[in-house]
Amino acid sequence: MSAPPAPRKSLPRGVHIAAVLCLILSGLTGMFAAVEATNLTHLSDLRDEAPPRMSVLGDPAVIERVVQAQISALEPMREPRSLILGALAVACAFTFVAAGRILRPGGLPLEGMRRLLGGAAIAAAVLRTIDGAQWMVVVKRVGVVMAEAMGSLPEFQHPTAAEQVKSTVPVLMSAGTLAQTIFVAGAFVLIGQYFRSDRVREAVTAQDGPTE
């Protein structure tokens with residue numbers, strides 16, 4: 001009688017944690033990308049309807065100006081942005097599935113999933129960076145309109161306060177967008193590089209066991 005196959009070694013705890021973080025990151029990023037890509041197909045409807053939204057700006061007319069500025073900035077880049085967002089959603093889907101298989105292999109070899117996860121995460125990082133650059137264009141235009149609107153509020157009627165608002169709001173909005181892009185894209189890069197590392201490759205090879 002042949003000896004029973006040796007039980008699989010469990011993956012290191014760090015690999016499990018990285019896979020869980022990857023599930024969360026790719027799931028949220030992919031969902032937001034898919035939703036925005038869908039919304040881009042309805043820009044004309046949004047321009048016609050554009051209902052007032054709850055905002056610190058309060059005045060529906062001001063809110064309408066902000067919404068219209070956002071739509072005007074998005075319209076020239078609708079097709080390329082839809083393409084980038086669609087590709088980002090697909091890359092996130094591959095990353096999500098691969099991370100799920102790392103956690104729950106179901107008897108399947110993990111080496112292929114490790115390679116897929118590493119490559120898809122790097123692709124998602126590149127696409128998320130392009131997405132962030134496109135969104136920065138929108139934020140800059142919206143930031144100017146929002147700063148002008150906030151400068152007209154009663155609490156900012158003093159010339160110095162109004163000038164500070166007009167110069168600060170666009171910068172803060174751009175900085176927030178840049179920070180978000182760096183955080184998300186950087187996280188994808190770290191995850192991709194981690195799963196492409198020799199350390200994880202060796203752990204996955206040990207988990208898969210010898211191949212016949």
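Note: Cβ is positioned from N, Cα and C throughout, glycine not excepted.
For 83-104 (among others), the entry in TrEMBL reads transmembrane segment.
The annotation transmembrane segment is assigned in TrEMBL to 116-137 (among others).
Here TrEMBL flags 171-191 (among others) as transmembrane segment. Under 8 Å from some Cβ of the transmembrane segment (171-191) lie the Cβ atoms of residues 18, 21-22, 25-26, 29, 95, 117, 121-122, 124-126, 128-129, 131-133, 135-136, 139-140, 142-143, 146, all in the same chain and six or more residues away from its ends.
Within the same chain, residues 19, 22, 26, 29, 33, 73, 77, 80-81, 84-85, 87-88, 91-92, 94-95, 97-99, 102, 174, 177-178, 180-181, 184-186, 188-189, 191-193, 195-196 sit at least 6 positions outside the transmembrane segment (116-137) and bring their C-beta atoms closer than 8 Å to a C-beta of that stretch. Outside the transmembrane segment (83-104) by six or more residues, the chain places 11, 15-16, 19-20, 22-23, 26-27, 29-30, 33-34, 36-37, 40, 110, 113-114, 116-117, 120-121, 123-124, 127-128, 130-131, 134, 188, 191, 195 with a CB less than 8 A from a CB of the stretch.
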